[in-house]
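Read the structure below first, then the notes.
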Amino acid sequence: MADQNQKPEIFELNNGTMDVKVTNLGCTIISLSVPGKDGALSDVVLGLDSVESYQKGLAPYFGCIVGRVANRIKEGKFTLDGVEYSLPLNKPPNSLHGGNIGFDKKVWEVVEYKKGETPSITFKYHSHDGEEGYPGDITVTATYTLISGTTMRLDMEGVPKDKPTIINLAQHTYWNLAGHNSGDVLNHSIQIWGNHVTPVDQNTVPTGEIMPVKGTPFDFTTESRIGNTIGQVGMGYDHNYVLDCGDEKAGLKHAAKVRDPSSSRVLNLWTNAPGMQFYTANYVNGVNGKGGAVYGKHAGLCLETQGFPNAINQPNFPCVVVRPGEKYQHSMLFEFSIE
């Protein structure tokens, strides 16, 4: 287990064009600044003023890596190799994002920190057998790298020791390409390379169905403004998209493209994960953020590439079981540009 006496610290990755600040508390991105059309840098992620504020639980998963299993597990129960496991119901009636003290609340070890033209940082955490109800010891690592001017890569790995387990890590940053303190993202447009979503029940757990988006308010197969259809989906978007139609690059699939008209900033996201939770900060309400910002509903959007929610209980969903001798691998590429 990572030594919990380790102090959370803030680390900077800067390549002269973009600047990212991360903390080893939950591998959390606390700021990410990239240029807009005027060349001025703006911080495009929602966050808090201090590491202490994150430790107090004042952020609704801002910027962190969630695990051991991201998203919801129905009623906090699953069976693996004939053994039933019960998890904390931290979002009743379900278990969410790894339980009461998920990976986002752990202080990770810093195993490598490089500066220079392609700065990077690698965090590591050892999760023990039975932690938050999950079986098996696993070692997880997460590496953030600025691979070029305005492109960041995240590589996550999980290796089980001697027992099979389930692993599904997700990066939970809330993006606002106009700047973190610019108001809501309803004017942003998005394209998602997913022809299907996994519809949910009244407790936001997938029913097992895989539904075509064509002709529904979930259809972002062509770029469209988020505010045009968000009123047709209850509180807002909080749905898992099946990433089934993206072009490939370096082993990753195109997942999403987000555009902010006011700054001309664009974010293209690539991943090797099968799904992506598109979430429009529906439950954010009066969160006191960094620099005096107050974040309200829809102040950001999350693009959480992931295994499908509750996959362990849905045999038709891609498998999230990882056995000894196997390795969980999840990569994301965040490409910023001006268009």
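Glycine is treated like the rest: Cβ placed from N, Cα and C.
TrEMBL entries are annotated by machine, without manual review.
Listed in sequence order, Tyr61, Phe62, Gly63, Cys64, Ile65, Val66, Ala70, His97, Asp104, Cys302, Glu304 are the same-chain residues at least 6 apart in sequence whose CB falls under 8 Å from the CB of His172 (active site, proton donor). The active site, proton donor annotation in TrEMBL covers His172.
Residues or ranges marked as active site, proton acceptor by TrEMBL: Glu304.
Under a cutoff of 8 A between CB atoms, and with a sequence separation of 6+ in the same chain, the neighbours of Tyr174 (beta-D-galactose binding site) are Val45, Leu46, Phe62, Gly63, Ala281, Val284, Ala299, Gly300, Leu301, Cys302. Summarising the annotation, TrEMBL assigns beta-D-galactose binding site to Asn71, Arg72, His172, Thr173, Tyr174, Asp238.
In the structure shown, across all protein chains, Glu304 is the one of the recorded positions Asp238, Glu304 with the greatest number of other Cβ atoms within 10 Å. In sequence order, Ile29, Leu32, Val45, Leu46, Phe62, Gly63, Cys302 are the residues near Thr173 (beta-D-galactose binding site), counting only same-chain partners six or more apart with C-beta under 8 A.
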